[in-house]
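Peer 1: Quick one: structure below, then a few questions.
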Amino acid sequence: MLPSLALLLLTTWTARALEVPTDGNAGLLAEPQIAMFCGKLNMHMNVQNGKWEPDPSGTKTCIGSKEGILQYCQEVYPELQITNVVEANQPVTIQNWCKRSRKQCKTHPHFVIPYRCLVGEFVSDALLVPDKCKFLHQERMDVCETHLHWHTVAKETCSEKSTNLHDYGMLLPCGIDKFRGVEFVCCPLAEESDNIDSADAEEDDSDVWWGGADTDYADGSEDKVVEVAEEEEVADVEEEEADDDEDVEDGDEVEEEAEEPYEEATEKTTSIATTTTTTTESVEEVVREVCSEQAETGPCRSMISRWYFDVTEGKCAPFFYGGCGGNRNNFDTEEYCMAVCGSVMSQNLLKTSGEPVSQGPVKLPTTAASTPDAVDKYLETPGDENEHAHFQKAKERLEAKHRERMSQVMREWEEAERQAKNLPKADKKAVIQHFQEKVESLEQEAANERQQLVETHMARVEAMLNDRRRLALENYITALQAVPPRPRHVFNMLKKYVRAEQKDRQHTLKHFEHVRMVDPKKAAQIRSQVMTHLRVIYERMNQSLSLLYNVPAVAEEIQDEVDELLQKEQNYSDDVLANMISEPRISYGNDALMPSLTETKTTVELLPVNGEFSLDDLQPWHPFGVDSVPANTENEVEPVDARPAADRGLTTRPGSGLTNIKTEEISEVKMDAEFRHDSGYEVHHQKLVFFAEDVGSNKGAIIGLMVGGVVIATVIVITLVMLKKKQYTSIHHGVVEVDAAVTPEERHLSKMQQNGYENPTYKFFEQMQN
């Protein structure tokens, strides 16, 4: 009896030890997730190797319902007990998306917000609480809302406490992707600004992909071209902003009331994120901090050769920059890297050791080592609505300081030449060389300061555009979620959001045009990033517009006005793009006799021919008409079936497409070629992207097919005629060659046989044999 009981207990203990834990993620390398991008096959995370893989059946694309998403999770992870799904907090970059019925998958990435497949019993996320941050939570047992609702609650709660939302997670599930509470971590603004590179990496990308230590401007005339170009660009942007503000004055007063507290709450963060130095640190400390950072490739996957300062070796070393993100320890050349970091590190060693340290062969003064009175006053002033005026004053102060210093050097040079009249010839040459190097140093220093000024100004303008777009998107989504929604208010919010996106696109295009005029080589380096940025704007506008059609009543009432707004924006964008690329010109300094590019038949390509992007990626369209929207009784913004109407057997209203790029314009610049992301983009699902065939492209394809068909038919007819003619000519009726040695009788007999004569004797014997 006792041995049997012991054996039973041992068997039970062994079975429990081998039992799979209730937490299905235990022992898995990655969390079960799925990602969707309309027009492409769904992707799912391989929990064994941590890589994204396409749909195993090769047929499943984006799913419009939460029930369908849960079912799909259960299909791709049959060995796991999937009980619920929840939208992820942050977007991810996924490559190698596949299309239906195509074996080859494209390698360029898409940025999507995946869905997490929850395994077993629901367990809340373990949130990390940094120093000086607070952990909070809210639960309401009478409310059952989506992930987006609770994210908004957490963000507003942190804003009321003058803090930023650091991280959050859902609590108490009550349905598929619906919950009764949220847990979150709020951090002070200063703490968030210290971690801004990691928390808002995509937002920083917008300041990086055209910035950085781009070009060593040693020519003063070229610097002036850059400054004039940037002045005109920013002036145009500010004029458009003023016009847009007038256009939206007819909107609801709620919009203005919501905008004021947002600007007050984010003013401090914006100023911290966009300035290249701070008011509490000296210039040397900032440069020392920059040069002490590790080389960072960034999230993008380009292979750009750059240099960074290695503190351990005390010299600059090469590395590959991805094209976006990263940090400021990133220089174009080794000389520029040593000019910035070498002198500062040498001064640091001099302070710590008390012994003089050689500055090395580089004699160029740097922006960091220059007198900070001219530039720092602008850099230390937070950006505001008067940014352009502050930039003009800073530039004037910089030029005045440069002229004064150059005048002082010239006076010293003249005095030295007078004193060197009686010196040997070698000493005179040494004096001249000394002052020539000093003048070159001042010119290089002024060029670096101008470049720093322009980069800071561009970053601030970009930050203002980002903030306005983010605010417009949040107000637009809030208006859609109102109960009941007000169509006029929704349209005004949508109008402001579309204008914000268009200003961002125009700002990007104008900046690239100025760079192309001043430095074509630099333009060639950043053109793929510019194209990626434009594609992201198109996709984001498509997704945001698709949210409108989840509220059919509102969409139907304002459909005509939305179509008119989009058509107006399309015409304006086409004009801007046509003016930009119709006759590109390259600046050659003071040479005013250079022929135009149309005369020399020179073309400047915006993107490489063998790039990764196609024309289809740049053709956003109005997703579908109001009459094709499925009924949505609950006023919630959820993902829907985002396929084009033609693929779903539905009608689409004409003239409702978003801004497209004309095929005639595309033929002039080859546009078949990485992602800036901000917090305003995380509130909607990236999978809602729509594709449609371009009408102009279809016409060209039809004409090409017709011409090809005619050519093929002609070739077939000619071939048949020649074959038939060959058959007719194969029968030979020529003269039979006769031996010349035969007798005249035999020759006569041969002629008779040719005319049909038959020998009676032969004929007789043939009849007898038959």
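Each residue, glycine too, has its Cβ placed from N, Cα and C.
Keep in mind the model is a prediction, meaning the values are calculated, not measured.
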Peer 1: Pick from CYS117, CYS133, CYS144: which cysteine does Swiss-Prot list as forming a disulfide with CYS73?
Peer 2: CYS117
Peer 1: Looking at the candidate ranges 163-168, 313-318, 601-606, 757-762, report the one that Swiss-Prot labels motif 'YENPXY motif'.
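Peer 2: It is 757-762 that Swiss-Prot describes as motif 'YENPXY motif'.
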Peer 1: Checking feature assignment: region 'Interaction with G(o)-alpha' per Swiss-Prot, candidates 352-371, 432-451, 632-651, 732-751. Which range matches?
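Peer 2: Matching range for region 'Interaction with G(o)-alpha': 732-751.
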Peer 1: Just confirming the record: what cysteine out of CYS105, CYS133, CYS144, CYS158 does Swiss-Prot connect to CYS174 via a disulfide?
Peer 2: CYS144
Peer 1: Using the record from Swiss-Prot, pick out the residue from CYS291, CYS300, CYS324 that is joined to CYS341 by a disulfide.
Peer 2: CYS291
Peer 1: Which one, CYS38, CYS62, CYS187, is listed by Swiss-Prot as the other cysteine in the disulfide with CYS133?
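Peer 2: Swiss-Prot lists the disulfide between CYS133 and CYS187.
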Peer 1: On the 0 to 100 pLDDT scale, where does the domain 'BPTI/Kunitz inhibitor' (291-341) sit on average?
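Peer 2: The predicted confidence over the domain 'BPTI/Kunitz inhibitor' (291-341), as a mean pLDDT, is 79.
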Peer 1: Check each residue in the chain of TYR757 (phosphotyrosine) that is at least six apart in sequence and keep those whose C-beta is under 8 Å from its C-beta; list them in sequence order.
Peer 2: LEU749
Peer 1: Specify the nearest of the recorded positions MET170, TYR336, SER441, MET706, THR743 to ASN571 (N-linked glycosylation site), where nearness means the distance between Cα atoms.
Peer 2: MET706
Peer 1: Please work out which residue of SER441, ASN542, ASN571, THR743 has the most C-beta neighbours within 10 angstroms of its C-beta, and give that one of the recorded positions.
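Peer 2: Its Cβ has the most other Cβ atoms within 10 Å: ASN542.
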Peer 1: Please report how many Å separate the Cα atom of MET706 (site 'Susceptible to oxidation') from that of ASN542 (N-linked glycosylation site), as a whole number.
Peer 2: 34
Peer 1: Please report the number of other Cβ atoms within 10 Å of the Cβ of TYR336 (sulfotyrosine).
Peer 2: 21
Peer 1: Give me the Cα-Cα distance between ASN542 (N-linked glycosylation site) and TYR497 (phosphotyrosine), rounded to a whole Å.
Peer 2: 12
Peer 1: What is the separation, in Å, between the Cα atoms of TYR497 (phosphotyrosine) and TYR336 (sulfotyrosine)?
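Peer 2: About 41 Å separate the Cα atoms of these two residues.
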Peer 1: Rounded to a whole number, how many Å is the Cα of THR743 (phosphothreonine) away from the Cα of MET170 (site 'Required for Cu(2+) reduction')?
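Peer 2: Between the alpha carbons of THR743 (phosphothreonine) and MET170 (site 'Required for Cu(2+) reduction') there are 119 Å.
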Peer 1: Quick one: Cα separation, SER441 (phosphoserine) versus TYR336 (sulfotyrosine), in Å?
Peer 2: 13
